[in-house]
Amino acid sequence: MSTLLGAKQPVLPYSMKHVHHYDNAKFRPRSFFQMVTQALVKSSIRRDCARCSTGKILVLLMFSGLAYLMFTHTSPVPSKSDELMHSSFRKYEDKKLIAGFKGFWRRPPRIPPRLTPDEKVNHNTSIFDSEKLNEKAKWEGRQNKVKEAFIHAWSGYSKYAMGYDELMPLSQRGTDGLGGLGATVVDALDTAMIMGANDIVLEAGTWIEKNLLERITAKGQVNLFETTIRVLGGLLSAYHLSGGEKGTDIIKFEGPKPTVYLEIAKDLADRLLVAFTASPTSIPFSDVVLRDRTAHPAPGGVSSTSEVSTVQLEFNYLSTVLNDSKYGLEAMKVLEHMRSLPTVQGLVPIYISPHSGEFIGQNIRLGSRGDSYYEYLLKVWLQHGTSQDSNFQYLHKMYEEAMKGVRSLLVRKSIPKGLVFVGELPSGSEDDFSPKMDHLVCFLPGTLALGATKGFTKKQAMKDNLVSFADLDNLNLAEDLTKTCFEMYAVTSTGLAPEIAYFHTEGYSEVGLDGGNKSSEYINDIIIKPADRHNLLRPETVESLFVLYRITEDPKYREWGWQIFEAFEKHTKVDSGGFTSLNDVTKVPPERRDKMETFFLGETLKYIYLLFGESSVIPLDKFVFNTEAHPFPII
């Protein structure tokens, strides 16, 4: 014993898990066979069963089976999530704390149940659904902000200018610049219906019922175009949306019966018809004296091409609901006549004579006096369906030819960043190109996209083989131009676009006329001259954002629309009620102009509201919007 005690001691096993594998007397490793046989020799089982050969066999079989299970049992290959869940079980195997055979009987921890493939799909789907619900709630919240802005705009008009054409929000008074027919009331009515602003629907509808017909019979000169798109168009849209004949009765509004709107529309249209019948050609006179039922040309004797060709949707729809063809026939004579006139690759000058029926001058542009001619070529065709057998098919051919002309003669890219824009030909195609683009031209992207898919989503149109290669080219151009129109906002200090922009090209450059937002990527591409820096609360860009979102389903158009709306809220909102136009969008704070145009309620806020809402509301394959954003059902 002393010898053993004085000898150098071997290293002890460093944890309890090694005890089973060592000879306890000498601390040397022993084999598994030794472990089993020693257990048999020393155990009470041996003393009890030594005399029984059958017992010996059973004991050997039992321990052999236990050993086999211990060394051969393995778990299925775990997933990453299983490894995390089973970490406690691995620790158990790494650190066996119980000596002898008790460890063989220890139960492993319970393993959490695994999801079946179907359950995993349902789990992921619920996450996806949750994200969709959150996104929907975000845009519903933003849509409500637009509705609040509309109510605020109307409150200023209602308090200070009810019955006048427009509100001067800073002066807190009204002004008549459109003939004195209460244009804001009629222009805003269907916007209130779409938004569900029922108090405004009742207030506006009641005013129309009590006052408008008397105004029409008593008032003097009005412009054929402006009165048709705003007042006649607003009345007819309200007639349809309030449940008129061949209209919709899904939503019920307090106020006049639908027939009230239709009867007033008929009286107004009967008076406006004299612009067509008094003219010696198919081109109508531009001005009408309502109370006298007389008409005459504008000063200078010529009419705007866009004005005479942008009354057909309204008169066609009136003919449909009254079952009286005379309104549509008179209006359609204009486009039928223009069909016979010479063009420059489908493009036409911006003036036309009601005396000769011929175009005047060579100025070609898609801005003021030219814009909605191209819009209505497409929309009048869409209004009557897109059948190849339609009598209106010639309009679509004229539209397609014109868009080819736009691409060939008017589309350019700016430098240094390459914004795609549409310029002008002030003296015709044989003279110099001008890199000038009105904000009004920003209607074009929406029209191009609408023409490409006929109002269906791009996905659906391609699935149904409704698009050609030319359609896809037009849709790509629409997306490029929409970006340019948005950048006309983003490049300024206020985040609001000027009335007119010029683009830096190889042949045109001016220094020191940027938009003021030095962080804009396109600060050197866009030139804004001092006389063009005003903002009139125009709708054309948000109109195209609305159409592009509906057709491409790309959420960036909604985000861009939200940025523009926030800029309107920040810089044009008047605390006492209403919104105002601005004098200079390149400076903060901007100087205010004291005018709220009717189209801010009739178009701008309507298009932003629809942009943030469900595509099933006023769907583009079922409705066509006139140039003042009044929706008419497709016939």
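Backbone N, Cα and C atoms are what each Cβ position is placed from, and that goes for glycine too.
Predicted automatically and left uncurated, TrEMBL annotations should be read as such.
The active site, proton donor feature in TrEMBL is assigned to GLU226 (among others).
The local packing around ASP371 (active site), expressed as other Cβ atoms within 10 Å of its Cβ over all shown chains, amounts to 25. The annotation active site is assigned in TrEMBL to ASP371 (among others).
Taken from TrEMBL, the feature disulfide bond covers CYS442-CYS485. Over all protein chains present, the Cβ of CYS485 (disulfide bond) has 29 other Cβ atoms lying within 10 Å.
According to TrEMBL, the active site, proton donor annotation covers GLU499 (among others). Over all protein chains present, the Cβ of GLU499 (active site, proton donor) has 19 other Cβ atoms lying within 10 Å.
Other Cβ atoms within 10 Å of the Cβ of GLU540 (active site), summed over all protein chains shown, number 24. Annotation comment: TrEMBL describes GLU540 (among others) as active site.
Every protein chain shown contributes to the tally, and the Cβ of THR627 (Ca(2+) binding site) ends up with 26 other Cβ atoms within 10 Å. As annotated by TrEMBL, Ca(2+) binding site applies to THR627.
In terms of Cα distance, the recorded positions that sit within 10 Å of CYS442 (disulfide bond) are GLU540, chosen from GLU226, GLU499, GLU540, THR627. In this structure, the CA atom of CYS485 (disulfide bond) is 9 Å away from the CA atom of GLU540 (active site). Rounded to a whole number, the distance between the Cα atoms of THR627 (Ca(2+) binding site) and GLU540 (active site) is 10 Å. When the recorded positions ASP371, GLU499, THR627 are compared by Cα distance to GLU226 (active site, proton donor), the shortest distance belongs to THR627. Across the fold, the C-alpha of ASP371 (active site) and the C-alpha of THR627 (Ca(2+) binding site) stand 10 Å from each other. Cβ contacts within 10 Å of GLU226 (active site, proton donor), excluding its own Cβ and spanning all protein chains shown: 19. On a Cα basis, THR627 (Ca(2+) binding site) lies 18 Å away from GLU499 (active site, proton donor).
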